[in-house]
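Asker: As annotated by TrEMBL, domain 'ABC transmembrane type-1' applies to B:64-277. Residues annotated as transmembrane segment in TrEMBL: B:12-34, B:68-89, B:98-123, B:151-175, B:196-218, B:256-278.
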Amino acid sequence: MTAHTALLACSQGQSVKIPRAHRRILSTVTGLVVAALFSLLVILNLLPLIWGMLTSLKGEPDLFRFPPVIFDFTPTLENYQRVIDSGFLGNMRASLVYCVVTVVAALTLALPAAYAFDRFNFPLRQPLFLLIVASIPLSLGAAALLIPNYLYFTKLGLTNAWFTLPLIYTAHQLPMAIWIMKGTLEGIPKELDEAAIADGATHFEVLRHIILPLSRPALGAAGVLTFVGSWNEFVASSVMVDSPGLRPIQPAIYNFIGFFGREWGPLTASAMLAIIPILITFALLGRLIVSGLTKGSVKG
Amino acid sequence: MHSKYAGIHYIVPAFALLTLVLFSPVFYGVWFSLFRIQYGSPTDFAGLDNFRDLLSDPTLPATLHRSAIFTAAAVSITIALSLALAIWIHRLGERRGFLVQIIVIVPWIISTVVATLLFRWVFVNDIGLAGSIARMAGLDDIQMLNNPHSAMALLVAVSVWKRIGYAVIILLAGVKGIPDDYEEAALIDGATPFQIFRRITLPLLKTPLLLVAIVLTLSNLNTVETPLVLTGGGPGDATRILPMDVFDRAFITYDLGSATALALAMFFGNVLLVLAYVRLAKWKT
């Protein structure tokens with residue numbers, strides 16, 4: 001881009017007063033700075049994952065060796081075995097069920113709602129939509145909402161059941177899903193529905209046969225963000241269910257911190273097990289996450 | 001067929017769920033906070049006593065003060081760094097930029113519990129990687145979590161590290177939306193890079209910057225996990241911020257009266273931020 005602008009400046013008859021040798025030094029310096037920044041980012045962001053992975057594969061003697069070894073150790077799965085013996089697979093199964101239910105429920109509720117908000121003009125449409133937009137960041141304040149939520153759910157007898165967490169996760173993710181889909185629906189020409197209606201289709205048929213197929217990318221983006229958000233949720237998960245069989249992975253890992261104490265082998269093993277599904281999702285659908293975030297532009 | 005209410009049934013299920021989980025608990029919480037609470041259930045009417053007790057709680061001002069410092073530091077550092085990163089990534093071009101972007105959001109897509117745990121193990125723990133390297137370099141044990149100031153600094157650092165990816169993506173979308181001609185025209189007119197940043201980039205990023213600031217403030221103000229996993233609120237109470245305090249009151253000391261009162265106060269603080277958010281989001285669409 002700089003070369004381009006310099007060229008542009010020259011063609012406009014302006015002189016660019018940077019001697020060539022000078023410029024070469026400048027670009028070397030820029031290159032070094034960029035490389036340094038890039039390495040710093042890699043160290044800060046990827047090293048914890050890599051080092052956590054290595055730690056999780058080390059047996060007791062290798063773990064406490066000083067100076068620490070990087071590759072020169074005998075990998076063992078004993079940490080994973082201990083975590084699994086503590087029932088972590090059950091927590092993973094619970095999390096997986098909750099997340100699948102949440103993704104399906106959130107998308108099933110969000111698409112019709114987005115359709116109604118974009119294509120119809122019922123009374124209070126605008127204020128109700130603003131309420132949805134307001135609910136997006138509101139669920140970030142889960143800590144503040146959760147005490148009243150806990151009291152209310154206790155009173156209604158809705159805590160500590162298999163549906164408790166999917167219900168809460170879905171409500172937290174739904175506003176964002178509606179917002180992302182509404183944005184996509186705005187881009188689908190209204191003439192398509194009008195033509196179908198003129199041919200005798202019902203509104204539901206329009207939703208089913210025109211809107212649904214065309215909003216697949218938005219469904220994907222909202223689905224991925226919903227999955228990641230629910231898989232990673234901690235606060236509601238730790239408060240709303242009590243029995244070990246219903247406990248999802250995040251509070252389970254937190255309990256391990258108390259249980260295993262300074263035994264970082266099993267701790268990192270449980271962390272790795274929690275990260276793997278997220279990293280797979282990210283590797284396959286990273287672009288969808290980025291586009292969903294950009295469209296939704298909503299959650300921290 | 002063309003009734004005034006056509007289409008409204010499509011939003012009913014969504015609103016039913018939101019009412020059950022998000023909206024009614026607020027009203028129930030307000031109602032609940034007006035009673036004296038014993039063994040988790042409301043007994044006799046107490047009016048505003050719970051709030052009065054809360055205000056006279058001697059630990060509250062210090063907790064509020066710590067929360068304000070933590071949130072202000074975390075939000076401002078995150079915004080400054082993410083703005084620089086977004087502009088840098090934009091200049092890297094499409095493919096290299098996407099790679100950097102992916103690396104930047106890795107801590108964001110991992111749960112706060114796990115990310116904080118790994119950060120602590122690698123960069124903070126005395127037998128972790130950074131601790132071992134420090135010892136190999138002949139430095140004494142640096143026990144960052146034992147000193148109130150460094151513990152707070154570390155809490156801010158983890159929060160910035162965890163949340164910066166989100167900010168970068170939103171700001172990058174904003175930076176990409178600025179037409180290249182603006183910068184080129186300014187360059188031809190002899191503007192310096194700083195002038196371009198100050199007079200073109202910054203004003204055109206106003207909306208995404210404010211949006212990011214609000215979302216970051218909300219998420220830092222309400223984070224339970226970061227201090228819980230990193231410091232447990234310690235040393236002493238040095239990193240005990242508001243949401244952790246609410247949780248301890250509710251589930252450790254079972255003081256549901258003051259917990260509810262404090263949670264509601266936080267909630268209405270959040271609502272103010274959300275109102276600002278809605279104004280911006282509306283403007284954006």
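Just so you know, glycine gets a Cβ as well, placed from its N, Cα and C.
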Asker: At a threshold of under 8 Å on Cβ distances, which of B:12-34, B:98-123, B:151-175, B:196-218 pairs most often with the transmembrane segment (B:68-89)?
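Answerer: Most Cβ pairs under 8 Å with the transmembrane segment (B:68-89) come from B:151-175.
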Asker: Which listed stretch (B:98-123, B:151-175, B:196-218, B:256-278) has the most C-beta pairs under 8 A with the transmembrane segment (B:12-34)?
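Answerer: So the stretch in question is B:256-278.
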Asker: Other than its close neighbours in sequence, what residues sit by the transmembrane segment (B:98-123), given a CB gap under 8 Å and a spacing of at least six beyond its ends?
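Answerer: The answer is 85, 88-89, 92, 129-130, 158, 161-166, 168-169, 172, 223, 225-226, 229-230.
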